[in-house]
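Asks: Summarising the annotation, Swiss-Prot assigns [4Fe-4S] cluster binding site to CYS59, CYS60, CYS125, CYS153 and lists sequence analysis as the type of evidence.
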Amino acid sequence: MEKPMASSGPAELFTRVDDYSVANAAAAANEGIVMTTLDAAVNWARKNSIWPMTFGLACCAIEMMSMSASRFDIARFGAEVFRGSPRQSDLMIIAGRVSNKMAPVIRHLYQQMPEPKWAISMGACATSTGVFNNYALIPVNQVIPIDVFVPGCPPRPEQLIYALMMLQEKIKNQSGTVKSVLNL
């Protein structure tokens, strides 16, 4: 495919753009042209720049902290640094048992997070109150919506990394992203 000549006006520019059909996509890729949808581009950016906020309530928090150490290095998945503020994060990782007194705090922090926001429930205690099944504990999915559940007591860092990858896949497959960004 030849490179387009210099245009003499806007009409010629539109003619050249229209010439790039799906059949010519391979040739266009060789010229450095990328074809995608706006939804796919926004979802790609979101899935590769997740800002997690830790909320460690028990022993699972130790495994969550080791996930960001050099051995596992979640930076390669786009989750650079754990944030301490809900206003700077879009992912909340709840690790440990949730008591009735802690539930309003979790809900309040989740509501402070900007849209879009996601949540991961890490460990048996956060998911189903675990071995401490008594009147004072509740599963975290009764407090906030959970996107990914990570089983285990405590789950290994590899399991949490896999949960992060599952969340990235969920973000990638979302539709209507641009409409929600533009409030349409």
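Glycine is no exception: its Cβ is also placed from the backbone N, Cα and C atoms.
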Asks: Far apart in sequence but close in space: which same-chain residues, 6 or more away, have a Cβ under 8 Å from CYS59 ([4Fe-4S] cluster binding site)?
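Replies: GLY96, PRO154 - these are the non-local Cβ neighbours of CYS59 ([4Fe-4S] cluster binding site), listed in sequence order.
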Asks: A 10 Å Cβ contact count, applied to the binding-site residues CYS60, CYS125, CYS153: which residue has the minimum?
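Replies: It is CYS153 that, of the binding-site residues CYS60, CYS125, CYS153, has the fewest other Cβ atoms within 10 Å.
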Asks: Please list, in sequence order, every residue of the chain apart from CYS59, CYS60, CYS125, CYS153 whose Cβ lies within 8 Å of the Cβ centroid of the [4Fe-4S] cluster site.
Replies: ALA58, ALA95, GLY96, ARG97, MET122, GLY123, ALA124, ALA126, GLY130, GLY152, PRO154, PRO155
